[in-house]
Amino acid sequence: MKVSMKSGDVSIRVSSSASICPSASPNLRLALVVLSIGVASHFMLFLDSVMDNLLPAAKPFLLTVYKNKEDADIAWEIMVSSRIYGLAFGCFASIFLSRQRGRKFPVVLGSVLDLVGILLTLVTVHVRLGMVAATIGRFINGCGQGIVQTAGSVMLAELPPTQKRGIALATLTVWACLGELAGMVISLEEFLGKPSTWYLAMGVPLIPLVPALFILARAPESLRYFFLENREDESRKALLFYQKGKGIDENGNRKKSDETAKIDDDKSTLTFAKDRFKNGQFIRPLLLALFVQSFVHLDDWLWISYSTHIFGKFGMTMGNAQRASLFMSLPQAFISIGLLACFENFTRRSLLLVPTMFSVVIGMCAIISVNFGRGTRDFRIKKIYEERKKYFSLLADFPIAATLVILAAMDLSAAAISGESAYAIVPELFLPNDKILGTAIVGIVQVCLLWQIFLHVLCITLSSLQQLLKTSLKRGK
């Protein structure tokens, strides 16, 4: 093998021997690895959406473990939220793991943690401290997803040829939408949302995760990571595994136009991070990435996590609310899959800005429908509505819950489009050596922001219930 370096590119001579390359098509091998990373990271959102519908089915079991309904609800909330803590911790841990062990090891380790976490949730009803095991399991699963989500997204930006990187990163949104939809389906009473089988619903991700783990364990390391470490022989093998031969010229050379720089292993991870925070080349893309990734996923996360509760609050029965949540999740799944076919025909900016502005309009419509739609319980709002009825005549024809389902479906569809663009943009904003650190910080901040929103929504809900209780007591007197 011959290696030559010029300004702006790296040329690697690849021998004609194909003995290191399995017989399967490089495109197929690349696709399998890309899909496996998506399964081990964003498909795990299944475990969030499924919990939104499982509480009614799990209530009989919870009441046998805890003395009263309040203790049961608190234990359930702790179990559900433990995955958020794990996700933040996993993103943080990936900074150290990826700097010391590359891309593949953190991805495989995170997938194993996903597997272990899910297995622990399956013993919930079979052991004495089942809820404790499930809480620990969801935390471990969150750690696994955080690690794979960070190292995996960087790996997806490094494996494919340049023209396919955007599509590879966009598949993460597809897996997120499919995970959310699958969670809504599996938790229905017709499937596993029953008192006798509810805990099995949390184990469904094992079905795609096991083959995904097998594929990732056998796949080679990221070829661009080898480039950065000047390990030419390994990079040649990875190149033959992941990319077509036509990407190599007649002399057996594969040019890489990205700027290469040797990783400085002498610096500790904390020292490296401290130095990068002093550099504008890292801070500027970091601020942009934080805004893009966090803003895009705010309201769609709220819909997925609280849709059943919201629909039930505005008049739907629990069964109808669960089906409405399923209907809400369907369009975004189909749109996210269909967008892959024409993803490169649009600019990243247009796919990000237009759906996001549309989502803002939908949010405003949701606020108006809640306040002025038929069935509102606020007497002051009703008075305003009666005074200005002609301006809200359209809303008077639809119940609030039905209106919210339609608006939520439209909002999630817009978020699916902008989300694909956001996932394609963020890793590519950073320099090669900064990708892991930048992507991990974005993931941590996004999780912390969503957790703050969760606490805010919880406080508002408790405050509303307290006010409602006081009003009821006054009327009773």
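Using N, Cα and C of the backbone, Cβ positions are placed for all residues, glycine too.
Whatever TrEMBL says is automated annotation, not expert-curated.
Annotation source TrEMBL lists transmembrane segment at 28-47 (among others). Nonlocal intrachain contacts for the transmembrane segment (28-47), taken as residues 6+ away from its ends with a CB within less than 8 angstroms of a stretch CB, comprise 22, 83, 107, 110-111, 114, 118, 138, 141, 144-145, 148-149, 152-153, 155-156, 159-160, 168, 171-176, 178-180, 182-183, 186, 202, 204-205, 208-209, 211-213, 215-216, 219, 241-243, 304.
Sequence annotations record features per position, and here TrEMBL assigns domain 'Major facilitator superfamily (MFS) profile' to 34-477.
Per TrEMBL, the feature transmembrane segment maps to 74-98 (among others). Within the same chain, residues 47-48, 51, 55, 58, 62, 65-66, 105-106, 109-110, 113, 117, 131, 134-136, 138-151, 154, 269, 273, 436-437, 440-441, 443-444, 447-448, 450-451, 454 sit at least 6 positions outside the transmembrane segment (74-98) and bring their C-beta atoms closer than 8 Å to a C-beta of that stretch.
Feature annotation from TrEMBL assigns transmembrane segment to 105-127 (among others).
The transmembrane segment annotation in TrEMBL covers 139-159 (among others). Residues 30, 33-34, 37-38, 40-42, 44, 47, 82-95, 97-98, 103-104, 106-107, 109-118, 120-121, 165, 168-169, 171-172, 222-225, 242, 423, 426-428, 435-436, 439-440, 443, 447 of the same chain, all 6+ positions outside the transmembrane segment (139-159), place their C-beta atoms under 8 angstroms from a C-beta of that stretch.
The transmembrane segment annotation in TrEMBL covers 166-186 (among others). Within its own chain, the transmembrane segment (166-186) is flanked in space by residues 34-35, 37-39, 41-53, 153, 156-157, 159-160, 192-193, 201, 204-205, 304, 322, 325-326, 328-330, 332-333, 336-337, 339-340, 343-344, 348, 416, 419-421, 423-424, 427-428, which lie at least six positions past its ends and keep a Cβ under 8 Å from the stretch.
The feature transmembrane segment is assigned by TrEMBL to 198-217 (among others).
Per TrEMBL, the feature transmembrane segment maps to 326-346 (among others).
Taken from TrEMBL, the feature transmembrane segment covers 352-373 (among others).
If you look up TrEMBL, you'll see 394-417 (among others) marked as transmembrane segment.
Feature annotation from TrEMBL assigns transmembrane segment to 437-465 (among others).
Residues of the same chain lying 6 or more positions beyond the ends of the transmembrane segment (105-127) and with a Cβ under 8 Å from any Cβ of it are 37, 40-41, 44, 47, 61, 86, 90, 94, 97-98, 133-134, 136-152, 155, 199-200, 202-203, 205-206, 209-210, 212-213, 216-217. The list of residues near the transmembrane segment (326-346) in space but at least 6 beyond its ends in sequence, with Cβ under 8 angstroms from a Cβ of it, reads 49, 163, 166-167, 170-171, 173-174, 177-178, 180-181, 184-185, 188, 300, 303-304, 307, 405, 408-410, 412-413, 415-417, 419-420, 424.
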